[in-house]
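*Asks:* Annotations for this protein, taken from TrEMBL, read as follows:
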- 6-22: transmembrane segment (TRANSMEM)
- Cys435: heme binding site (BINDING)
Amino acid sequence: MIWWPVYFLALCVATFLFLKYKHNYWRRRGVRQFEPEFFFGNVREAVQGKAKIIEICRKYYYDLKKKNELYGGIYLFYSPVLLPVNPELIKQILTKDFEHFTSHGLFHHENDYMHNHLFNVEGEIWKNLRSKLTPTFTSGKMKGMYEILYSLADRLEKKTGNYAKTGKPVEIKEHAACFGTDVVATCFFGLDSDCLNVPESEFRKYGKLIFAPRPVRFVMEMLINWNLLGALGHTFAPKKITKFFTQVITETVAYRKKNNVSRKDYMDLLIQLQNENQLNEKELIANTMVMYAAGFETSSTTTTFLMYELAKNQDIQDKVREEILGICKKNQSGEVTYDDLADMKYSEMCIYETLRRYSPATEVPRCCTKTYTVPGTDTVIEKDTFVIIPAWLIHMDPEFYPNPEKFNPENFAAEHKHSRHDFVFMPFGGGPRLCRYR
């Protein structure tokens, strides 16, 4: 028994030396690093729920820019992370040298079929899946779903119109989330979730669960080998969420095939791919679920902030309203058609400005898949090194957007948009792995 204290002390010393060595990774490579804390690296506040990673990176971003550095180094626990702040280097990583950064660096394991979606898979699997799914996002296919969207928008208008008559404040975020859920459930599953009228519906319930904070999962995925996690049953999403969507999707596909039902929606397109043996059942389920998650969350968040800014800025709201009414007047039906969307330039500018100010993706993650030398330097980025591109910090940088805290749709007027670097606006990432669900 007398040796146990010695063993424990030796273990503590070994752990300390291991972390000390790991936390000098960038310094050994001549890269400016920001001093990590023991065990946590630079993300203690994120683990504690006190700040998001992008907020932690803010001080690093401006410090690097102040010293004219192209990039710096931080740590997620003991894992080194490259933090590029130069738009041209970011462009190199996302496009020109994409073959070195083809992965998002998210947890995946062959035992979990729910990771087989476009956002998660890598290499040749990603290329093949992307080529199969790209035709599902053509303007013609989107036009076919427009009538469905329009009818749901009409439902939202009536719902909010009733609230407007009361003159009382409205919690618009939940309404936008319910509307987004209805859109995705209808377009992708062919089901009327009716969340606007039944907020406690199953689709809304599990939609909330998908995005519920799970700090323990985050820590496990950063600290434990993924093969071991997979063997222990760790999955891309909690099992009750996977079970719900698997059941809904499987039943929907079976019903449509049995009854020869066609709704010209996203599910139809995936079923067609499955019938042509281009998509297996697991890929169909995984890609439908991630489309649901990506579709309702990003659209509802953007809608919420857009309506908030329009409410705050009456002059901007008046311009949007005038543009829409002008289009309605020229149409005999008095409605906005799919083709009219291309003429709604100012409304589009407002949406882009909302995406800049309140980015759905505050950072763009990448993982080095092939050893990379940063152009013009001796810095070598090793395989499996994480990269965090601070998209939201760039969106809020006064160098690119004067007075960035102000909601200003003119930031996206043609003359301003074309004068900026291509990679200072990245609400959905960039390069070949640009979000296809945007």
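Numbering starts at 1 and runs along the chain as it is shown here.
Glycine too: its Cβ is placed from the backbone N, Cα and C atoms.
What you are looking at is a predicted structure, and each value in this text was computed from that prediction instead of being measured.
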*Asks:* Near the transmembrane segment (6-22), which same-chain residues lie under 8 Å Cβ to Cβ, leaving out any that are not at least 6 residues past its ends?
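*Replies:* For the transmembrane segment (6-22), the far contacts come to 38-39, 75, 78, 80.
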*Asks:* Using a Cβ cut-off under 8 Å and a sequence separation of 6 or more, which residues in the same chain sit near Cys435 (heme binding site)?
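*Replies:* Cys435 (heme binding site) has long-range Cβ partners Phe119, Ala294, Ala361, Phe428, Gly429.
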*Asks:* Can you tell me whether DSSP puts the residue listed as 'heme binding site' in helix, strand or coil?
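*Replies:* In the DSSP reduction, the residue listed as 'heme binding site' maps to coil.
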